[in-house]
Amino acid sequence: MTFDRSIKIAPSILAADFANFGAECEAIEAQGADWVHVDVMDGHFVPNITFGPATCAAIRPHIKGVMDVHLMIAPVDPYIEAFAKAGADVITAHVEAGPHIHRTLQAIRGAGAKAGVALNPGTPASAVAEILDMVDLVCVMTVNPGFGGQKFIDMTAKIRELRAMIGDRPVHIEIDGGVDPKTAPLVAEAGADVLVAGSAVFKGGSVSDPAPYGENIRAIRAAAEGTYV
Ligand SMILES: O=C(CO)[C@@H](O)[C@H](O)COP(=O)(O)O
Ligand SMILES: [Fe+2]
């Protein structure tokens, strides 16, 4: 995984057909997805349950590019090794998920994955000030985590603040929640480069009719790159 600041679209398979993850991952990559975003929820840190490392390992062979695993679980540390072994390229933990984010990030890099840290809407940018040299990605949640299809919460001031704090470090700013062609330009202009989108990518399409996935990805990318009309 090499670092670059171009816009990357990361469809969240939370909005995919859960009975068909392998084919869904192949379909979104064929339709232009840059990364595949995988939402892990535990029914404890967030009020919803999805799946764990076994499912990640099962879908890994169906993803050619970056598998971006967003852990909405607490505690995190006991499960890092399992998600790394499952083939996650990026493992993102929430700063709110425990008292020891520094240790968690060390463990993620120690397991051979890129380290991400996520911030809930109520958490300020300053929460990551001391750990910016330990991360490859900062994920700014633009919804309260737990569900797809929620309304975008404007976090552009926080994104700008993070962009300035990050400076020249090779750290991605990822946005997660409510990203669509209307909200994408706001976050891209503020400094984000990885745009997660679930409902806005999967709407109107299916494994047997994947063309809408491509149209949706192109619309979000064009909007973020400033060419959307
Ligand atoms: O982590 C989460 C939600 O907790 C996200 O990754 C959602 O899956 C994004 O879905 P949309 O808001 O794009 O529908
Ligand atoms: Fe997510």
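Note that Cβ sites are derived from N, Cα and C of the backbone, with glycine treated the same way.
Residues H37, D39, D176 are given by TrEMBL as divalent metal cation binders; from H70, H94, that same site also lists H70. The candidate set comprises the binding-site residues G146, G148, G178. Of these, G178 has the most other Cβ atoms within 10 Å. Listed in chain order, the residues near the substrate site other than S12, H70, G146, F147, G148, G149, D176, G177, G178, G198, S199 are L14, A15, D39, V143, P145, Q150, V196, each with its Cβ within 8 Å of the site Cβ centroid.
Sequence-distant contacts of D39 (divalent metal cation binding site), defined as residues of its own chain at least six apart whose C-beta falls under 8 angstroms from its C-beta, comprise S12, I13, L14, T50, H70, M72, G148.
Within 8 Å of the centroid defined by the CB atoms of H37, D39, H70, D176, the record's divalent metal cation site, lie the Cβ atoms of A10, S12, L14, V38, D68, V69, T92, C139, V196, G198, excluding the listed residues themselves.
A coil conformation is recorded for G146 (substrate binding site) in the three-state DSSP classification, outside any helix or strand. Checked against ligand 2, the binding-site residues H70, G146, G178 give H70 as the ones with a Cβ under 6 Å from it, listed in sequence order.
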